[in-house]
Amino acid sequence: MMKMNFIQKYFAIIVIAGVILAISIPSIFIPLKPYITYLLAAIMLIIGLHLQAKDFVKVAANLKGKLLVILFLKLTVTSIAAFIIGKLFGLSLTALIGLVIVGACPGGTASGVMALLARANISLVVSLTFLTTLLAPIFMPLIIYFFFSKSIKLDWFGMFETMAIIVIVPIVLGILISKFTKLNDSTLKKISNIPILLIMLIVMVVTALNKDTMMLVPTDIILSVIILSIFANIFGYLIGRVLGLDIDSRLALLFEFSILDVGLGIVIALAFFGNQAAIAATFYAIWQNIIGPIIVNLVNICRNTKFKSS
């Protein structure tokens, strides 16, 4: 089993400490708000550096039509679930938009880390994260428009343009850099923690911007986020089971559906809907980095128990 380095092992504690620091001294982080877009672009660039064509070829050859089914469900179901959950809890319009944005987020870089630690199908996770991230500039604005076009005025093209610039361009640039510089595994491993730390910094900035609200996060938002996360975990795993995938692939889908690129969600929420809309994504970022390692540990305990009994 892959060993967690210090940041990966204690990331939940680091995130909580960072949030407390941002609430205690918000003046340090508030001036960084204009740079959030650049931080996210840097994350996407590093994702691009890790991508290899052989991963996609292998996954596409093994899953064939099933890959399209998984991809479609990943792009739609969690956002629909977010809307239903938010409605059931009676969230305000702004909070509901924020929760749907979370549900519409593509898989995050941390999903690959969790998949590795749980010995899941890493090629499947990487492929889905890449594909959903590339399609996010199209699907996220469409989903938001579908649910809220009658409630508020939406700049669909503005969202698409912003996301294309901060998602597609850096990823393509990262792929090109990786191809022509031929980065070795050692170098890639050294920079693998940078996206995690940048996401944490984004979370701290948004926490500082919403200091008063974050100190008293409404219970309905907290419960909505937790239920959405649990739903995504269960749904991802069950889809793998329904499609007849092996246990490693089911676990890969569990992480891919629930560990999200909420950094992108935060940027979109801040840019088009205001600070309050970013609260759900901020809390989700904290939650997923707590529950993710717990699930990894449970999976490995189950694996080890099964191995010993056999």
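We number each residue from 1, going along the chain as drawn.
Just so you know, glycine gets a Cβ as well, placed from its N, Cα and C.
Long-range neighbours of the transmembrane segment (10-29) within the same chain, counting only residues 6 or more positions beyond its ends whose Cβ lies under 8 Å from a Cβ of the stretch, are 196, 200-201, 203-205, 207-209, 211, 214-215, 285-286, 289-290, 293. Marked as transmembrane segment by TrEMBL: 10-29 (among others).
The feature transmembrane segment is assigned by TrEMBL to 35-53 (among others).
Summarising the annotation, TrEMBL assigns transmembrane segment to 65-85 (among others). Among residues of the same chain six or more beyond the transmembrane segment (65-85), those with a C-beta under 8 A of the stretch's C-beta atoms are 59, 96, 99-100, 102-104, 106-107, 127-128, 131-132, 135, 139, 143, 147, 224, 227-228, 231-232, 235, 239, 243, 245, 253, 256-257.
Residues or ranges marked as transmembrane segment by TrEMBL: 91-117 (among others). For the transmembrane segment (91-117), same-chain residues at least 6 beyond its ends with a Cβ under 8 Å from one of its own Cβ atoms are 1-2, 4, 8, 43, 46-47, 50, 74-75, 78-83, 85, 125-126, 128-129, 132-133, 135-136, 139-140, 143-144, 147-148, 151-152, 192, 195-196, 199, 218, 220-221, 224-225, 228, 251-252, 255-265, 268-269, 273-274, 276-281, 284, 288-289, 292-293, 295-296, 300.
With a cut-off of 8 Å between Cβ atoms, the residues of this chain six or more beyond the transmembrane segment (124-148) that come close are 44, 47, 50-51, 55-56, 59-60, 63, 67, 70-71, 74-76, 79, 83, 93, 97, 100-101, 103-109, 111-112, 115, 154, 156, 159-160, 163-164, 167-168, 171, 249, 252-253, 255-256, 261, 264, 268. As annotated by TrEMBL, transmembrane segment applies to 124-148 (among others).
Annotation source TrEMBL lists transmembrane segment at 154-178 (among others).
Remote same-chain residues near the transmembrane segment (190-209) are listed as 5, 7-8, 11, 14-15, 18-19, 21-23, 26-30, 32-33, 36, 39-40, 42-43, 46-47, 49-50, 108-110, 113, 262-263, 266-267, 270, 275, 278-279, 281-282, 285-286 (criterion: CB distance under 8 Å, separation of at least six residues from the stretch ends). Marked as transmembrane segment by TrEMBL: 190-209 (among others).
Positions annotated as transmembrane segment by TrEMBL: 221-239 (among others).
Residues or ranges marked as transmembrane segment by TrEMBL: 251-273 (among others). Long-range contacts of the transmembrane segment (251-273) within the same chain: residues 33, 36-37, 39-40, 43, 70, 74, 78, 94, 97-98, 101-102, 104-111, 114-115, 118, 120-122, 124-125, 128-129, 133, 136, 140, 154-155, 158-159, 162-163, 166-167, 198-199, 202-203, 206, 209, 229, 232-233, 235-237, 239-240, 245, 280-282, 284-285, 288, 291-292, 295, 299, each at least 6 residues beyond the stretch ends and with a Cβ under 8 Å from a Cβ of the stretch.
Sequence annotations record features per position, and here TrEMBL assigns transmembrane segment to 279-299 (among others). Residues 4, 8-9, 11-12, 15-16, 19, 95, 98-99, 101-102, 105, 108, 110, 114, 117-120, 199, 202-203, 206-207, 210, 213-214, 217, 221-222, 224-226, 228-229, 233, 251, 254-255, 258-260, 262-263, 265-266, 269 of the same chain lie 6 or more positions beyond the ends of the transmembrane segment (279-299) yet place their CB under 8 Å from a CB of it.
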Cβ contacts under 8 Å made by the transmembrane segment (221-239) with residues that lie 6+ beyond its boundaries: 70, 73, 77-78, 81-82, 85-86, 89, 91, 95, 99, 102-103, 250-251, 253-258, 260, 279-280, 283-284, 287-288, 291, 295
